[in-house]
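These come from TrEMBL:
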- 1-25: signal peptide (SIGNAL)
- 26-129: domain 'Gnk2-homologous' (DOMAIN)
- 134-242: domain 'Gnk2-homologous' (DOMAIN)
- 248-267: region 'Disordered' (REGION)
- 274-295: transmembrane segment (TRANSMEM)
- 332-611: domain 'Protein kinase' (DOMAIN)
- Lys360: ATP binding site (BINDING)
- 614-649: region 'Disordered' (REGION)
- 623-642: compositional bias 'Low complexity' (COMPBIAS)
Amino acid sequence: MCCSRLLLFFTCLILILHLFAPTLAQLVPYSCSDKGNYTSNSTYRANLNTVLTSMSSNTKISYGFYNLSVGENSDKVNAIALCRGDIGTDECRSCVNTSSQDLLQKCPYQKEAIIYDTKCMVRYSNRYIFGLLEASPFPFTSVLNASDVDAFTQVLGPLLERLKKLAAAGNSTRKFAAGKETAQDFQTIHALLMCTPDLDELDCKSCLEQCTAAVFSSCCYGRQGARYLSPSCQLRYETYTFYDPTAEAPPPSLLPPSTRRTKGKESKPSRTTIVIVVLTIGFALLIVSNFVLYLRVRKSRQKVKSKHEISSVHESFIRYDFGTIGVATDNFSEVNKLGEGGFGAVYKGKLQNGLEIAVKRLSMGSSQGNIEFENEVLLLARLQHRNLLSIMGFCLEGNERLLIYEFMPNASLDHFLFDPIKQVQLNWEKRHKIIEGIARGLLYLHEDSRHRIIHRDLKASNILLDAYMNPKISDFGTARLLDRTENNTMRIIGTYGYMPPEYAQCGTFSSKSDVFSFGVLILEIVSGQKNSSFPEGLVSYAWENWRQGTPLNLVDPTLMVNSTIQILRSIHIGLLCVQENVNDRPTTASVVLMLGSESITLAAPKRPPFLMHTSSTGPDMLSRSSYQSSNNNVQASANDASITELYPR
């Protein structure tokens with residue numbers, strides 16, 4: 001009876017999914033750039049008609065990739081069309097023709113535009129676009145979440161990683177890969193990745209890495225399906241088949257089929273086979289149910305253990321009663337609220353002895369909030385350093401979880417750094433002092449404390465400033481003890497844009513992970529700009545200017561020029577910290593030495609990760625976007641969007 005109900009449930013679920021499936025397929029995202037226009041009778045329009053017609057009528061190209069140019073100088077039109085690698089030549093040309101006509105109607109006078117059909121992509125521009133890696137994404141997702149996000153992500157990650165390598169390794173006519181994997185709940189995940197073949201292997205891989213990283217960010221995390229589209233590459237995954245199965249890449253462990261077959265006995269499975277299959281499924285269900293029971297028991301034991309551990313630190317911290325903190329914060333009034341994070345709000349308070357405090361009140365019912373509370377109390381009980389925020393006590397009463405800190409009158413670094421009015425208060429002397437203080441705090445965490453600790457979420461909003469503008473690293477809810485040189489996790493917690501590639505993609509973290517985040521932070525402090533303020537990202541912008549010999553373009557204009565040598569050295573150190581290879585990044589101790597002594601010679605920095613090439617001959621692509629859908633406000637996640645939990649590939 002139970003099995004019948006389970007079968008009925010999954011049957012209904014599959015039917016529901018197929019009802020929702022066409023919704024994503026029917027969306028046709030497009031973009032009309034506002035960087036240049038033409039008139040209906042102009043030479044540019046005539047050239048545009050010629051190039052689009054030539055692509056859709058070209059019978060000599062059978063591999064689904066077209067790149068043509070027509071015209072000269074300002075009237076020159078460069079166009080690209082790319083079809084999915086699993087569709088035939090006739091279907092490809094039909095898609096290119098239909099998409100070209102649609103694009104002319106949707107963007108009637110724009111010199112640059114792009115459209116993404118489910119089977120092909122068409123784009124044109126008055127600037128050079130061939131062989132350039134451009135990532136101006138259209139992310140949009142299914143309306144349904146995966147039933148078991150952990151299991152779903154653990155299968156999706158390796159599948160995308162395998163297909164990414166296969167697609168990037170393609171040739172000059174085809175960079176495409178499709179495949180599928182089955183999750184533990186017997187749900188099959190189908191995925192497709194492709195690049196424009198005019199990219200080299202490294203650029204294709206870099207483009208797809210950004211796509212796959214976004215899949216595990218706030219953009220698409222936990223969804224049953226998603227499309228992530230950019231001019232240079234595309235990614236799509238669903239829980240239903242949306243491509244020709246014959247185009248699938250074989251799974252890595254697939255063995256060749258046996259050549260020994262018995263004639264006449266292949267059409268019907270034997271009774272023995274049926275019995276084996278039923279027993280196998282029953283045994284698997286038994287293992288899964290026992291494993292779930294084990295996890296529940298272990299979780300309850302860990303809760304009891306955590307309560308005992310927290311109670312044991314009462315000698316180090318003051319354990320406040322809830323009533324005292326309620327009085328100090330005027331019952332947590334909105335007037336005293338300093339800010340609000342993912343797991344609760346922070347309030348200003350004043351104890352009866354006149355001491356000002358900051359109180360973090362974790363949201364009731366948040367299991368992740370409880371984990372952060374326990375983590376922060378147990379870690380900070382072991383830490384004491386002038387560049388780390390001091391915890392004064394805690395409250396553990398009923399469902400209430402409170403953390404009490406010393407009050408920082410100047411709030412966090414981002415309040416000054418990214419405010420056009422307040423940032424003038426941060427001269428270079430103060431900024432360099434802040435950089436050095438953060439480095440010393442990290443050195444204590446990584447090497448000088450009794451336990452090696454990785455922060456995992458170092459960013460401007462987690463750097464607090466005291467009355468003398470001394471920096472203090474805060475928010476240890478996501479920090480981890482490091483028991484060896486490298487650790488791995490399946491739950492990635494942090495802020496996208498500050499994460500090193502080995503952590504965002506594979507869940508590998510070490511002290512060099514914090515060094516990477518610190519490098520991004522140095523570049524933000526020097527520029528006075530957020531990492532997400534630049535279309536290509538601050539790190540890429542800094543690298544390109546460094547490579548071209550114009551690093552001063554990065555420097556905040558409000559800074560005095562008499563500190564140029566020290567500012568350039570800080571940019572140099574920041575770029576060393578954000579190098580792609582973990583082994584190329586300096587240790588925290590080396591960073592402290594390099595910041596404190598100008599006599600130390602610095603190595604030449606290497607190219608940072610996720611570097612997106614953009615054309616230097618024209619404007620950025622995709623400045624305005626629209627969707628052929630009732631929901632036409634689909635936004636890409638910003639580089640500084642905070643990620644509570646993210647699963648690696």
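Yeah, the Cβs are placed from backbone N, Cα and C, and that goes for glycine too.
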For the domain 'Gnk2-homologous' (26-129), the number of residues DSSP places in helix, strand and coil: 37 helix, 29 strand, 38 coil
Residue counts (helix, strand, coil, in that order) that DSSP gives for the domain 'Gnk2-homologous' (134-242): 35 helix, 34 strand, 40 coil
DSSP state at Lys360 (ATP binding site), helix/strand/coil: strand
Mean of the pLDDT scores, which run from 0 to 100, over the domain 'Gnk2-homologous' (134-242): 86
